[in-house]
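Asker: So that we are looking at the same thing, I have put the structure below in structure tokens.
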Amino acid sequence: MPSFSRGLYCIFKHLPQLVFSRVFVNRSLAMEKIKCFGFDMDYTLAVYKSPEYESLGFELTVERLVSIGYPQELFSFVYDPSFPTRGLVFDTMYGNLLKVDAYGNILVCVHGFNFLRGPEIRERYPNKFIQRDDTERFYILNTLFNLPETYLFACLVDFFSNCDRYTSCESGFKNGDLFMSYKSMFQDVRDAVDWVHFKGTLKEKTVENLEKYVVKDGKLPLLLSRMNEVAKVFLATNSDYKYTDKIMTYLFDFPHGPKPGTSHRPWQSYFDLILVDARKPLFFGEGTVLRQVDTTTGRLKIGTYTGPLQHGIVYSGGSSDIVCDLLGAKGKDIVYIGDHIFGDILKSKKRQGWRTFLVIPELAQELHVWTDKSCESADRHTKRRSTTIKKRVGHELHLIKVKQSDGAQSKHSPHVDRIMPMHYESDDETEIHPLLVFSTTRGLTSALFREGSRYGRNHLCFYDNSRHMLLTLAAEDG
């Protein structure tokens, strides 16, 4: 570990520019054997601007809650992007937001905006531990779409805890004869979020102002064109066709094609297979009926599609098995690129053996922490610890000399045997403090990667903070 840490430190300290243009590999992958590249759309090809997009979702969810009876004071809530991050757990029994490690140990517990200390945490969680498999009680907020509701949970708990009209109790709030549990509040928020996404105006407002909410990258056509030269490329998104068409048309709305001087191409021409309404993660299991989309009206044609793959045709539903059949590929022939650790990565890897590429926007912040702060902290910490260890070693060696001069038979005392390995370890630590546990500017959760992920270790092949590294490779290749 010391040699690995030392090498990592040297890269971060002396070549920081390389860190931000790398794809991080979790397991080896022979890219020449890949026959198909698959993409999710939301937060992968279509990168939503933060915090503008999250603020929009937050405001619309608040409007929905007020419309079903929640207090008008909720309109005063303003989304704060520095508070929430992915991977938090909401405890529907006590109304707490939790950060837990890969094994269920509680690292941070916050009630509203009140950060609980150790004794307070143990009152609710005696072992500072939760059973993450208890999905009836604990809800994992693991997608970028969950960021607005994560902050909203904290806002609501804080509001009801400090509002004179309500009395706090262990599992909720009282207002006279009325009682609202944290579980019912949680369900109201979840229902409101689903309503905003599927029945509300979120998509409508997004397409009304695409420049405000969606990042447009001129290298995207080049990326897909380059990929299509060496493999088949497909799109599998949960979004419906009308929304997908508007987003993708905007992303590919350039006067030229993949390169300046080439003819403009419609977005459909960059894909060998297009699937909307995929309903992931169900898509990676039994799936749904494969139907064909009438791209003129946006409606689905009746009946199940049973024909061969047709270029330019848009399909609805289907499954990962159908994708393999249509593309003539097996599971390990496919790399799927998405942002959802569960819906895109875990299920595609576990059920189909697809290779996986996870898009992690937060990684950019993590890398800045390493390069801008952690190296300095490592130097200071290492020097202090090294000085302490060397003093202890020096003291022990002095005692050895004293004992030997007094005729002691033992060459090393048991205590010296224990301390000597620390001396050798400290020689490495003067060069690098191994794998720091650091804090980022995130107020609640510190580093997203602080405790690792069982899902990441078991099901993720490689990852990056966006698809920009792939774009860079495509551009350099051209």
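Placement of Cβ uses the backbone N, Cα and C atoms for every residue, glycine included.
According to TrEMBL, the protein carries these features:
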- ASP40: active site, nucleophile (ACT_SITE)
- ASP42: active site, proton donor (ACT_SITE)
- ASP40, ASP339: Mg(2+) binding site (BINDING)
- ASP42: GMP binding site (BINDING)
Asker: Same chain only, sequence gap of 6 or more: which residues have a CB within under 8 Å of the CB of ASP42 (active site, proton donor)?
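Answerer: Long-range Cβ contacts: TYR48, PHE145, THR237, ASN238, SER239, ASP339.
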Asker: Test of understanding: give the count of other CB atoms lying within 10 angstroms of the CB of ASP40 (active site, nucleophile).
Answerer: 24
Asker: Let me check the 10 A CB neighbour count of ASP339 (Mg(2+) binding site). How many other CB atoms are there?
Answerer: 24
